Amino acid sequence: MKFPGSVLASVFLFVAETTAALYLSSTYRSGGDGMWQALTLLFSLLPCALVQLTLLFVHRDFSRDRPLVLLLHLLQLGPLFRCFEVFCIYCQSGHIEEPYVSITKKRQIPKNGFSEEIEKEVGQAEGKLFTHRSAFSRASVIQAFLGSAPQLTLQLYISTLQQDVTVGRSGFLEQVTLDSVLCLLSPGLFMVLSLLSIVYGALRCNILAIKIKYDEYDVKVKPLAYVCIFLWRSFEIATRVIVLVLFTSVLKAWVVMVVLVNFFSFFLYPWILFWCSGSPFPENIEKALSRVGTTIVLCFLTLLYAGINMFCWSAVQLKLNNPDLISKSQNWYRLLAYYMLRFIENAVLLLMWYLYKTDIYMYVCAPLLILQLLIGYCTAILFMLVFYQFFHPCKKLFSSSVSEGFRQWLKCVCCNCRQQKAHESVGKTDLRSTGDRDETPSSSKISSMPSQILNADELCSA
């Protein structure tokens, strides 16, 4: 049975980030920064509550008689209890013989054009562990993009305003104590934890998307694929957050418009597609849910979808008229359009920051910083292409690879250039031919005039 390492990682990030947020909010309170304290607590406690609700919803504990579990979730201790339950199941799985097993059928990834169907016995313990892994994966995504992402943006913005971009807050200490060391390390450590939480959530989002799209296949993700996704998401999210913070620090009013346009574009896009399709309202999400409950769940999903796409590519496309709520087709054009538009948006925001930057950035080389951020985003795109070309577990199922698509794009560009050159050459030859035609009649008229005069003289002499 597979070790539940993903559950342990999710719980560690949840506990560490929540603890750091509570301590940092207390330092803001002692420093008299009430607004920063309130925002820090908001971006910490709101995802905590959503994580508790997600775990209860996935395990369907609302319809069970488990008051102790509900109390622990109410006290924000649900993830710790679930983690303890997971390791109890994992430790007892090899010692207790299970009387009932279920058989699942999966297809292998095609090799040499052939794909075999394999059967696997799944016991009750393994089934419970699978449910726990699925619940914690979804909870990590929620924590990352509805809590850690705005939290990281907020803390980096505060540090930028206070010119505390290093790990510590000050370079000179008269008296080194434990409290002073913690005050120095807490902002930088908290931002590192938040970034790790976002990157881990984006990684789990990628893995969930692969497993949902290729549900009928036995998908095995290699360690190099995890490394490639981690690097891809680290560069993408870090550059995106820094760009937003730089723009916010000089144009506070305009950032509201940028955030609202981004958010509502991604929030309303699945609903617009659903209304244009004319499909009936989805009723098969959960049998116990009413129509109002289903609407709330769908709105929450679109909210999470918009939050993910605010900071990075979501790797999935919501499709509300689909029973799985996710489109299983691989749309390369949507991926290309997203990264092109996001790159242009980042470049425009950096340009606006460069034009309106204040004295805070007096000792910052602005052109070099802009170049580094744009190169960092291009590096993220490079790692993404490497992942889809070499390390994607289901790359053999793609109708076309990244290299083939790049070759086709180059061919299209070359063909368009050739056609433009051909049209230009044809236009030039047409202009020359029309010019020659205009010149030849005039010369013939001039040459024919003496002959006409000579014929008239001959007629007169006759």
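In case you wondered, yes, glycine gets a Cβ from its N, Cα and C as well.
Nobody curates TrEMBL annotations by hand; they come from automatic prediction.
Residues or ranges marked as transmembrane segment by TrEMBL: 36-58 (among others).
Listed by sequence, the residues of this chain that lie at least six past the ends of the transmembrane segment (139-158) yet keep a Cβ under 8 A from its Cβ atoms are 10, 13-14, 17, 21, 24, 36, 39-40, 43-44, 46-48, 50-51, 54-55, 79, 164, 187, 190-191, 194-195, 197-202, 204-205, 208, 237, 241-242, 244-245, 248-249, 303-304, 307-308, 310-311. Residues annotated as transmembrane segment in TrEMBL: 139-158 (among others).
According to TrEMBL, the transmembrane segment annotation covers 178-203 (among others).
Proximity of distant same-chain residues to the transmembrane segment (224-247), defined by a Cβ-Cβ separation under 8 Å and at least 6 residues beyond the stretch ends, is recorded for 149, 152-153, 156-157, 160, 195, 198-199, 202-203, 206, 254-255, 258, 311-313, 342, 346, 349-350, 352-353, 373, 376-377, 379-381, 383-384, 386-387, 391-393. Positions annotated as transmembrane segment by TrEMBL: 224-247 (among others).
Annotation comment: TrEMBL describes 253-276 (among others) as transmembrane segment.
Listed by sequence, the residues of this chain that lie at least six past the ends of the transmembrane segment (288-316) yet keep a Cβ under 8 A from its Cβ atoms are 60, 62-63, 141-142, 145-146, 149, 198, 202, 205-206, 208-209, 212-213, 233, 236-237, 240-241, 259, 262-267, 270-271, 281-282, 325-327, 335, 338-339, 384. Annotation source TrEMBL lists transmembrane segment at 288-316 (among others).
Within the chain carrying the transmembrane segment (336-356), a Cβ under 8 angstroms from the stretch's Cβ atoms is held by residues 239-240, 243-244, 246-247, 249-251, 254, 258, 309, 313, 366-367, 370, 373-374, 377-378, 381, 384, all 6 or more beyond its ends. What TrEMBL records for 336-356 (among others) is transmembrane segment.
Using a Cβ-Cβ cut-off under 8 Å and counting only residues 6 or more beyond its ends in the same chain, the transmembrane segment (368-391) has close neighbours at 222, 224-225, 228-229, 231-236, 238-240, 242-243, 313, 339, 342-343, 346-347, 350-351, 354, 401-403. The transmembrane segment feature in TrEMBL is assigned to 368-391 (among others).
TrEMBL lists 428-462 with the feature region 'Disordered'.
Per TrEMBL, compositional bias 'Basic and acidic residues' is recorded for 428-440.
If you look up TrEMBL, you'll see 442-451 marked as compositional bias 'Low complexity'.
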Worksheet, complete the sentence: For the transmembrane segment (36-58), the distant same-chain contacts (Cβ-Cβ under 8 Å, at least six residues beyond its ends) come to 14, 17-18, 21-22, 24-26, 28-29, 69-70, 73-74, 76, 78-79, 82, 131, 134-136, 138-139, 142-143, 146-148, 150-151, 154-155, 158
